[in-house]
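Noted in TrEMBL for the protein shown:
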type     : residues       : note
ACT_SITE : Glu465         : active site, proton acceptor
BINDING  : Thr173, Gly212 : FAD binding site
DOMAIN   : 68-166         : domain 'Acyl-coenzyme A oxidase N-terminal'
DOMAIN   : 169-287        : domain 'Acyl-CoA oxidase/dehydrogenase middle'
DOMAIN   : 326-477        : domain 'Acyl-CoA oxidase C-alpha1'
DOMAIN   : 535-658        : domain 'Acyl-CoA oxidase C-terminal'
Amino acid sequence: MTNNNSAVSKAQLRLACLSAQLDTSTPRDPVTEILETSLPPVQLHADALSILLDGKDQTWRKWMFEQMKHPLFEYQYNVTKEELVTRNQERTRHLAKLGFRPTWTEPKENIDTNKFMQIQDALSYFDNGLSTMNGAHFGLYYGSIRELGSEALQNKWLPLADTFEVPGCFALTELGHGSNPRGIETEAHWDVKEGCYIINTPNTTAQKYWIGAAAETAYMSVVWAQLYVPHPTDPTHSPSHKGIHAFLIPIRDLATRSPLPGVTIKNCGSKSGLNGVDNGRLWFDHVRVPRHMCLDKYGGVNEQGVYESFFGDNNDQRFGGQLVNLSEGRVGLSISSDNISKTALTIAIRYGQTRRQFGARQAGELETLIMDYKLHQRRLYPLLAQTYAQHFAARAIARLRDSDKSDLKLLKQFHVISSGLKSLHTWHLLDTLQATREACGGQGLKSSNRIGQMKADCDVMATYEGDNQVMLITVAKGCINDYTPTRISALSTFNPHLFTSQHFSDSTLLSPKFQLDLFQHHIHASAQRLHAAIALTRAHAKAQGTPNIGLDKILDIHSALSQEFARAVIEHWILSEFITQEKLSFSSANNGVSPLTLIRQLHALWKLDMDQNMIRRRYLDEPVQERIRDLIGGLLHRVHENVTPLVDAFGVPDHLLGPIARDWVQANAAEGSEDI
């Protein structure tokens with residue numbers, strides 16, 4: 001027995017020694033550790049965030065929201081597309097009478113741009129159909145006359161456009177050509193004998209198509225056509241092709257509303273969404289247009305019957321100058337996309353803060369709020385962060401829009417960046433609408449809750465005013481020569497591969513410098529790959545006896561590399577503008593931290609975690625990528641603590657939100673509720 005007791009004692013002693021060497025504490029959750037060490041709590045305030053987003057003076061924004069309490073602005077469902085169009089016409093006429101935008105007589109330098117940006121912004125929160133109708137008339141039609149038309153044309157037609165007494169449309173897109181305006185087929189021939197232009201639709205694919213407000217609303221149209229001018233002295237010469245030009249053409253009789261002689265108008269028919277806009281088709285059968293009706297700021301036939309252009313023989317510069325309104329329209333699309341995203345996120349997040357599901361373990365116990373689920377946070381909060389980032393990018397491109405248009409370098413930058421932002425912002429909108437629709441379950445389908453209807457009405461935004469994929473090719477073409485291998489070698493000092501699991505810290509990964517440097521490195525790396533592909537393709541073409549292969553063709557051959565490079569340029573631009581605003585907003589009241597820091601950190605790290613191109617290029621090793629994912633978990637936690645002020649800062653009024661964003665139980669009570 002003694003020996004046995006001795007053996008037991010030795011075993012117990014050995015067990016005690018082994019136990020002492022073991023860490024028996026509960027393994028630490030990395031997110032908990034991050035919250036304790038790298039992400040201290042922050043307290044955000046809606047008022048401060050609202051000022052950062054939209055400025056201190058939001059008088060006109062709030063004024064516009066108040067106008068939307070008028071009975072004309074009550075949301076209507078289960079109505080015909082004709083009724084929707086009529087209601088949007090009435091709304092636009094009502095707003096025009098209120099003087100919601102500058103009149104043509106106001107000098108540009110006297111216009112309160114902040115006032116009208118606020119008003120136009122507010123409009124996009126309400127309804128994409130109304131916003132589109134206003135954009136087609138006041139932006140594209142009105143803007144073309146103001147920017148390109150003579151003083152005489154402005155004096156006659158802009159007062160009638162100001163009041164919406166004589167609505168107009170913008171006829172560029174054709175059945176056979178949309179994203180490629182250079183390729184349109186409508187023709188304008190200068191008639192020497194008559195001293196006028198003859199506008200003609202030569203074939204079926206040349207018909208103007210998808211023209212907003214053309215089917216029922218517009219009396220006038222800015223029509224784009226390929227201009228041909230005969231030789232000034234020798235009529236046997238083939239007419240000289242001058243590229244596309246714009247003409248102001250009446251399409252309906254002001255008294256009878258019937259199409260004018262030589263003009264055929266048809267409706268594009270029922271659509272899957274955006275039925276509050278009457279999209280139409282136009283044909284022109286040798287319609288004679290007086291010389292002065294050409295919008296000839298940059299080119300046209302003069303009084304002597306001779307063609308002259310502000311840009312001389314440089315058709316590319318003339319083309320860019322004439323279509324600057326399209327680039328401005330893309331700015332409007334970016335801003336509208338962000339505002340609609342804000343509306344959808346406000347609805348979905350507020351619903352998630354009051355709707356409970358699962359989690360009750362016994363009778364009487366409350367179920368869990370769906371917004372408290374990490375899964376739900378991961379679904380919505382990165383979209384919230386990107387919406388903040390894109391807001392500042394859109395405001396930055398709007399400032400560039402208002403800069404000196406005679407600066408050709410700035411004009412090129414504006415065209416390129418606005419094209420890229422339009423693509424990424426509208427894609428983000430569609431992603432947001434799908435995610436918020438799903439986040440609201442079946443309630444997301446109900447029209448009165450708005451998200452489902454917005455989803456149907458906004459799907460078109462990915463393709464109008466330029467297909468998004470094509471827009472990114474435009475970015476690649478416009479930027480690739482800014483990133484030559486020589487220039488990259490001179491600029492690039494950042495080596496992300498130094499940031500391995502042995503050479504990084506949370507503070508580095510969260511810092512704006514590291515994030516922006518890595519985004520910049522991605523531009524350089526993708527540009528080098530694209531340049532190498534271009535050089536290889538040209539060398540191969542030369543060896544095959546076809547040395548004149550164009551850049552457009554090469555970018556199409558290497559479309560994946562082109563898209564990667566273009567996205568890298570625009571994503572960097574978005575993050576750069578976000579960081580700029582963050583630096584301007586450091587607050588001593590918040591421990592010296594900007595109110596935007598938290599949301600910027602989430603935006604940038606989420607991009608690093610989700611961008612398959614960056615992951616495939618292995619800029620960071622796997623442990624660093626895993627740490628980024630853990631940091632995202634911590635950031636989602638801190639955003640959740642502040643999500644109410646982050647959403648409230650958007651300032652979307654209750655009457656523009658669906659019932660599920662308010663008291664959705666009362667809204668669905670049997671008594672008093674109705675089928676809407």
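Note that Cβ sites are derived from N, Cα and C of the backbone, with glycine treated the same way.
TrEMBL entries are annotated by machine, without manual review.
Taking CA atoms as the reference points, Thr173 (FAD binding site) and the residue listed as 'active site, proton acceptor' are 9 Å apart. Its Cβ taken as reference, Thr173 (FAD binding site) is surrounded by 20 other Cβ atoms within 10 Å in the chains shown. With respect to their backbone Cα atoms, Gly212 (FAD binding site) and Glu465 (active site, proton acceptor) stand 12 Å from each other.
Look at Gly212 (FAD binding site): DSSP puts it in a strand. The recorded positions in question are Gly212, Glu465, and the one with the fewest Cβ neighbours inside 10 Å is Glu465. Helix, strand and coil content of the domain 'Acyl-CoA oxidase/dehydrogenase middle' (169-287), in residues and according to DSSP, is 6 helix, 54 strand, 59 coil.
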